[in-house]
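K.L.:
OK, Swiss-Prot features for this one:
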| type | residues | note |
| --- | --- | --- |
| ACT_SITE | Ser264 | active site |
| ACT_SITE | Asp456 | active site |
| ACT_SITE | His518 | active site |
| DISULFID | Cys177-Cys417 | disulfide bond |
| DISULFID | Cys311-Cys325 | disulfide bond |
| DISULFID | Cys335-Cys358 | disulfide bond |
| DISULFID | Cys342-Cys351 | disulfide bond |
| DISULFID | Cys380-Cys387 | disulfide bond |
| CARBOHYD | Asn208 | N-linked glycosylation site |
| CARBOHYD | Asn507 | N-linked glycosylation site |
| SIGNAL | 1-17 | signal peptide |
Amino acid sequence: MKLLMTGLLASAAVAAAQEQQVLQAEGSAQQQPAPSIFDETLKQFESGLEEGITHFWSEMKTNFKHYLPLISVPKEHTRRADSEWDHVVRGADVESVWVQGANGEKHREIDGKLQSYDLRVKAVDPAELGIDPGVKQYSGYLDDNETDKHLFYWFFESRNDPKNDPVVLWLNGGPGCSSLTGLFLELGPATIDKNLKIVPNPYSWNSNASVIFLDQPVNVGFSYSGSSVSDTVAAGKDIYALLTLFFKQFPEYATQDFHISGESYAGHYIPVFASEILSHKNTNINLKSVLIGNGLTDPLTQYPQYRPMACGDGGYPAVLDQGTCRSMDNSLERCLSLIETCYSSESAWVCVPAAMYCNSAIIGPYQQTGMNPYDVRSKCEDMSSLCYPQLNTITEWLNQKSVMKALGVEVESYESCNGGINRDFLFHGDWMKPYHRLVPSLLEKIPVLIYAGDADFICNWLGNLAWTNALEWPGHKKFADAKMNDLKIVDNKSKGKKIGQVKSSGNFTFMRIFGAGHMVPLNQPEASLEFFNRWLRGEWR
């Protein structure tokens, strides 16, 4: 779904720790000393850290016992026997295949370390769940048997021409939000009503493409593990293995164009995942482009745009008063200095304080208003459902035993977003890292689309426009100088309707989508399918 507010504020972590303490019976709080490795590592780094960062980590050490309950824990699960699956693809078998090149040299048919991976596949009966009857579906798990990681996926074939239509991987953000929220809340073939009934979605992205929805990293949605993944780079090799084994099992899709799409924290994921795929010479993944919606990709350039978006300069009325806006301005210099230090070292020891300070000083004032951080036009009625009560309905439907059985699910329960994963990534310094630095190398090989609903605060269109204009790459000047043009519907009965603005140069495209919040397909389903279809057909690239 979205960039989780759980990890956004320094006060959020502290509040959670305090709440944990309050809920304990009086006198039951256990005083646990911080692990000695924490003291030793901090001592090694103290000489190189500025005073403010050293003070931050000293406080963390003092309160370390409060943060331990916040780290994600493994899920209860029962692994089904391989004989219960329709297909099992062994990574070791794929890795063992060698072929002879045109000049007689031998090389592996498919690159990558695949030996520890398996892919389990179940053919899902559409009639059993009532979702997209007549459309071929598969679900299952990618297993990394070496590290006990199991990623859940759900594949929907194109409604139109699956033999020729492209294949798209969809990733939600968080970090820690299930891509099944994107399936049922945004762009999948169906939604769930309050009576737990299936409602078909005429604007599903599988109208003209086959779509894979993936729960990642581990312990998100229906995925599980005895260990954890706490940074974006660590997840990249899993994605490569999943796609490689999936296309090996289903070669009919491997020859078609493949695209990676996602939103929010996928602004971190996608540059890394695409770079991992493109780093392999011999592969069965035909990657043609990437699409990032309302993403967090370059914090140093995006964070200065929070104040303008909250204070009336983003096309919507101001949410904050002038005094609060001035306070955000006063905090910005310190915030940017911390992010610059993070960019220089990429060490958690400086990246964590940068995220904690900036999220508290720059994003915190907005959250305190009670407005929806994902849509400046509305209040947040229920923060426990991330301001979208529909998530509760989706979660209830997916937790039905009949649904889990039909999908081959191996965990005991489903939750839409895992706050523990969010905090894991935050406290490992992943939040503020400069993943935008990977984009120039992507642009050398494939087109990149950055789109943004213009009513979102948390990954707002101003910040996304700013970082795309600022990105250093050979086509920088032409892109930055390109004018924004009207984006209009051309594909259906709404032909001529203005849905946003677009600018494009070389392999780089930016879109502003009018009247949409953080989740563009939710607020503007017709507009989202319009630009999605046209992008896949090659327009603007």
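Placement of Cβ uses the backbone N, Cα and C atoms for every residue, glycine included.
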K.L.:
Counting every protein chain present, what is the number of Cβ atoms, excluding its own, within 10 Å of the Cβ of Cys351 (disulfide bond)?
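P.N.:
There are 26 such Cβ atoms around Cys351 (disulfide bond).
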K.L.:
Taking Cα atoms as reference points, rank the active-site residues Ser264, Asp456, His518 by distance from Cys342 (disulfide bond) and give the first.
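P.N.:
If we rank Ser264, Asp456, His518 by Cα distance to Cys342 (disulfide bond), first place goes to Ser264.
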K.L.:
I'd like to know which of the recorded positions Asn208, Ser264, Asn507 has the most other Cβ atoms within 10 Å of its Cβ.
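P.N.:
Going through Asn208, Ser264, Asn507 one by one, the largest Cβ count within 10 Å is at Ser264.
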K.L.:
With a 10 Å radius around each C-beta, find which of these disulfide-bonded residues (Cys380, Cys387, Cys417) has the fewest other C-beta atoms nearby.
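P.N.:
Sparsest of the disulfide-bonded residues Cys380, Cys387, Cys417 by Cβ contacts within 10 Å: Cys380.
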K.L.:
If you run the three-state DSSP split on Cys351 (disulfide bond), which class comes out?
P.N.:
helix
K.L.:
Minimum Cβ neighbour count within 10 Å among the disulfide-bonded residues Cys177, Cys325: which residue?
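P.N.:
Selected from the disulfide-bonded residues Cys177, Cys325 on minimum Cβ neighbours within 10 Å: Cys325.
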K.L.:
Rank the disulfide-bonded residues Cys311, Cys335, Cys342, Cys358 by the number of other Cβ atoms within 10 Å of each Cβ, and give the residue at the low end.
P.N.:
Cys311
K.L.:
Below 8 Å Cβ to Cβ and six or more residues apart, same chain only. Which residues does that give for Asp456 (active site)?
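P.N.:
Listed in sequence order, they are Asn294, Tyr374, Asp375, Val376, Ala516, Gly517, His518.
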K.L.:
To the nearest whole angstrom, state the Cα distance for the pair Cys358 (disulfide bond) and Cys325 (disulfide bond).
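P.N.:
About 14 Å separates the two Cα atoms.
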K.L.:
Please name which of the disulfide-bonded residues listed here, Cys325, Cys335, Cys351, is nearest in space to Cys417 (disulfide bond), Cα against Cα.
P.N.:
Cys351
K.L.:
Please state whether DSSP places Ser264 (active site) in a helix, a strand or coil.
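P.N.:
Once the DSSP labels are grouped into three classes, Ser264 (active site) ends up as coil.
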K.L.:
By CA-CA distance, flag whichever of Cys177, Cys325, Cys335, Cys380, Cys387 among the disulfide-bonded residues is nearest to Ser264 (active site).
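P.N.:
Nearest candidate: Cys177.
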K.L.:
Do you know offhand how many angstrom separate Cys351 (disulfide bond) and Asn507 (N-linked glycosylation site) by C-alpha?
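P.N.:
That separation, Cα to Cα, works out to 31 Å.
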K.L.:
Of the recorded positions Cys335, Cys380, Cys387, Asn507, which one sits closest to Cys325 (disulfide bond) when you measure Cα to Cα?
P.N.:
Cys335
